[in-house]
Amino acid sequence: MARNVVTFMLRCNGPRLVFLLLICCIKPSITNAQFKLKASISFSEEQIVGAYVGNVVVASKLPDHVNQDELSRLEYRLQDSEDDYFDISKERGTLSSAKVIDRDAICEGEDECPILVEVLVYKMEAGIYDLFKIIDVTVEITDINDNPPEFPAKSVSLSVPENNALDEELRTSSAEDKDNGENGVKSYSFQDPTDTFTLKVHTNQDGSTYLGIVIKEQLDREVRDFYQVVIVATDGGTDPRLTGSAVINITVTDLNDNDPVFEKSAYNVSVPEDINVKVPIVHLKATDKDIGSNAEISYQISPQVSAEIRRIFYIDEQTGEIFCNSNLDYEVDRRYQLVVEAVDHGSPQKSSRVSVTLNVADVNDNSPQININLPPQGTDISEAEPVGKFIIHVTVSDRDQGENRRVTCSLNDDHFSLEKFGDDNSDMFKVVLARPLDHEKAPSHRVNISCTDHGQPPRSNSTTFVINVSDVNDVRPAFEEDTYRGSIPENYRGTREVLTVKARDWDSGDMGRITYSLEDRYNGLFVVDPDNGVISVTRPVDRENGAARLEFHVIARDNGKERLTSSALVIVEVEDENDEPPRFTRASFFGEVLENQPVGTSVGNVTATDPDSAPNGKIRYAILPQGTDFGKFSINSDTGEIKSADVFDRELKDRYFVTVQAVDPDKSEFYSTCNFTVRILDDNDHDPVITGIHSNMPTVEDFEEDINNATFIVQYTAPVGSIITRVMAHDGDEISSPNAQLYYAISSGDPGNLFGMNRFTGAIVLSRIVTAEDIKTFKLLITVSDGGDPPQSDSQYIYIKVNGSVAALTSSSSSGLSQNILIVIILIGVTIFLALAIFATICLIRKIDRQRRMTRANQKLSEDKMYQLTIQSNSHGHNNHQDVFANRGPLEREDEDRGRMSPGVANSGSYSNNLSKRGGGGGVGGAGKKEVSFSLDEESDSHNTSSGSGHPLTSFKNGGGARAGDKIDGVSTHLGEFTR
């Protein structure tokens, strides 16, 4: 039914109704905030009729939502209700009491007593009232101390057996006060002339109280068998403070020493509100361990339970079954709390109590109640009123709960519709104009509103109101649906009917005759029959070429003098045909895996796509049996993940090639292929192996390709840096990986550091001058390690014998020392001379530069820019040359040490002898030319100065020796690469 209402609204309302529906449906929170306000007011009970309660305009902060002019045009009315507690001033919104309110009557036993009032606010626009807002007002009724405490009975008789235990209690009911909070019962006092008893107050689990009269002394019936005490209850009021009292008559009897015991500590029962009064609600049972009359039990509802509850329920004192005296009503009370006493027939009587909670279950026993609220202007309306015009306000209430309370309402006239007023859970509606009225067809409308709840069985109610229509005439075409949907197959050839649209126009003649046309977004792909609204497609459509969903509008025009139009959206889905093969995203894919990994290790992935949609877009992957490597791998047919099917050794083969196919499982002729290359990564699974040695030494003893038996002879006159031999090794891992990078070192056998070993080439060289202590045979442990993590290694021993005479070695050392001293003196003199020459040159350059700057100051701006660029260029040159003068490497210091070699070494072609032959002019030079450049800050040119064409000028720092040449007697002196 709701769908039909919406359909008729869409047929006749046009764009404005669509806008209103979007506001109501998409943003309900905004709508609720627009119409609903809340206010809270406090009011004391028992005030006279007409007493001032409060102003709802101020309490709801309505002036914050309207301006002063709008506020002056508002009128206030109360929503009709069953209990009219208040009146309201229509102009000012002032609430006053309509009757004397007794809080204790309407909210007995409740901590709070709110009365909800609904104020309807109407706004006058152009002489017509429209419902503007609703104010939910909560009036909290505050309590006054107008009731004294009352005991269930003014006089109570109790009995107690003699020979009682001290501190034994006689239970009696506490007082009740209809007032609440601080005005309720606060304290008790006790009056006993004999001082035999005292009073004790107990609190039950449910919050109720009872009194215990405590026996302070042992009673003797023969001495005294009757006592009379008075209990006084006082409330917490202050003006006035009220009291109530009860007389307790205590009779001393014989002993009964067991209390009845209930089978359960508490009872919690659910009872439907329509239960028959003759059907027991719950059966309570208690037992007493005594025998005879002391074990006979009677049941009663405790006197402390309110009289109202005892009026509704009763208990069979013999069986313990609880019944209803009257019908229950879930909408009045949903839960009842009873206290049932089991009393034995002993003397004195023993009793026990149990809490019984009765939960009333809702039954759908109330029909929805419909209240029609007419606006101030009544129900006269012009047929020219726009769709969405407010007509009347309807309030629906149902006293049931849950689904029994939820209602659905409908109207019998499609000229009108119901709209939720507020949020979706609201039971208030606005009746609005759903489509234009036509006075000629119906001068009045008798509208019936029917509401049905969702209970089982459902209950319904209805009422009628009359709308009088004044004459005007305008209508436009309206489509039956806002959106039409259809579908066409992909690649269909020829003309095919897609769907039919239909619009209606309630006008007569040409004004009601409709012509259809299309919004041509696709160059004539679709056409429409102008008379019957049949839409057809005229040519094939390729879904994969961006045409999976086609949208356009169909337009309906009437044929009146002023043609009115409306439109609807048409959505055409193109049904997929399996006409596209899968395609790989790349022609070649690459993967890699570490050698020696187990079978099933992931190598990589391939990816293909199919332009078709599901289920035509399914893809299956497979490795084609081509070449020799296809059996080495497996592939997941769904994901394209490739895994190893074998354990690989990179040293045997480092690359594998397979062909992967992606195929459409529904059409095997649709497939594509790609190449997949797997690179096997190196694992450090090979140890270095020392394969041999290579030596240029003239004498080798006991060496027949066996390195362990190799002995190399070195003469004591051999220059420092002489290569003794070269160790050769091999690693089977990949050459380009760190696993195959070899590092050489002397691990042991050379405590005096006579030998050095190039860690990269394996060359063993003489690293210092041979001394007398070195004339012996050395056993060196050579270790070769690779760069893996962790590294692998191999070790071998070699023997080096140093030959020479100790006496000759001592003489040669003395001669060499004298020559070294002479060389140092010469170098110091040359250094001083060069320093003076450099200083003089710098001074001369500075003087020339000052004159040059003064001359150039008057040159053109372009020349000045060129000068600045030159200054920048020469500034860089100065920094480079400064490095030459400031840095003196370790080789220079090493050259000085070599100058002090012994004469014996010098006679055999040592470095010291070469130095004396090539040290003319104080410099040590090779065949190459050395130049020294000087550059000063702000200079435009760099100046090169030399001491001669054959011997370039150089510089020394701190009196150091000359820089050594690249070669001395064919032996390299650059030992930076050699390590221990």
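Easy rule for this one: first residue shown is 1, then count along the chain.
Even glycines carry a Cβ here, placed using N, Cα and C.
Note that this is a predicted model, so its numbers are computed, not measured.
According to TrEMBL, the feature compositional bias 'Polar residues' maps to 905-916.
Here TrEMBL flags 918-927 as compositional bias 'Gly residues'.
Residues annotated as domain 'Cadherin' in TrEMBL: 35-151 (among others).
Under the heading domain 'Cadherin', TrEMBL lists 152-262 (among others). Across the domain 'Cadherin' (152-262), DSSP classifies residues as 3 helix, 57 strand, 51 coil.
Residues annotated as domain 'Cadherin' in TrEMBL: 263-370 (among others). Per-class residue totals from DSSP over the domain 'Cadherin' (263-370), listed helix then strand then coil: 10 helix, 46 strand, 52 coil.
Across the domain 'Cadherin' (373-479), DSSP classifies residues as 3 helix, 51 strand, 53 coil. Residues annotated as domain 'Cadherin' in TrEMBL: 373-479 (among others).
Across the domain 'Cadherin' (480-584), mean pLDDT in this model comes to 88. Annotation comment: TrEMBL describes 480-584 (among others) as domain 'Cadherin'.
What TrEMBL records for 585-690 (among others) is domain 'Cadherin'. Residue counts for the domain 'Cadherin' (585-690) under DSSP, split into helix (H, G, I), strand (E, B) and coil, are 3 helix, 51 strand, 52 coil.
As annotated by TrEMBL, domain 'Cadherin' applies to 706-802 (among others).
Under the heading region 'Disordered', TrEMBL lists 892-980.
Annotated signal peptide per TrEMBL: 1-33, in sequence order.
Here TrEMBL flags 821-845 as transmembrane segment.
Counting residue by residue with DSSP, the domain 'Cadherin' (480-584) contains 4 helix, 49 strand, 52 coil. Of the candidate ranges 35-151, 480-584, 585-690, 706-802, 35-151 contributes the most Cβ pairs within a distance under 8 Å of the domain 'Cadherin' (263-370). Note: the domain 'Cadherin' (35-151) comprises 17 helix, 53 strand, 47 coil (DSSP; helix = H, G, I, strand = E, B). Counting residues per DSSP class in helix, strand and coil order gives 9 helix, 48 strand, 40 coil for the domain 'Cadherin' (706-802).
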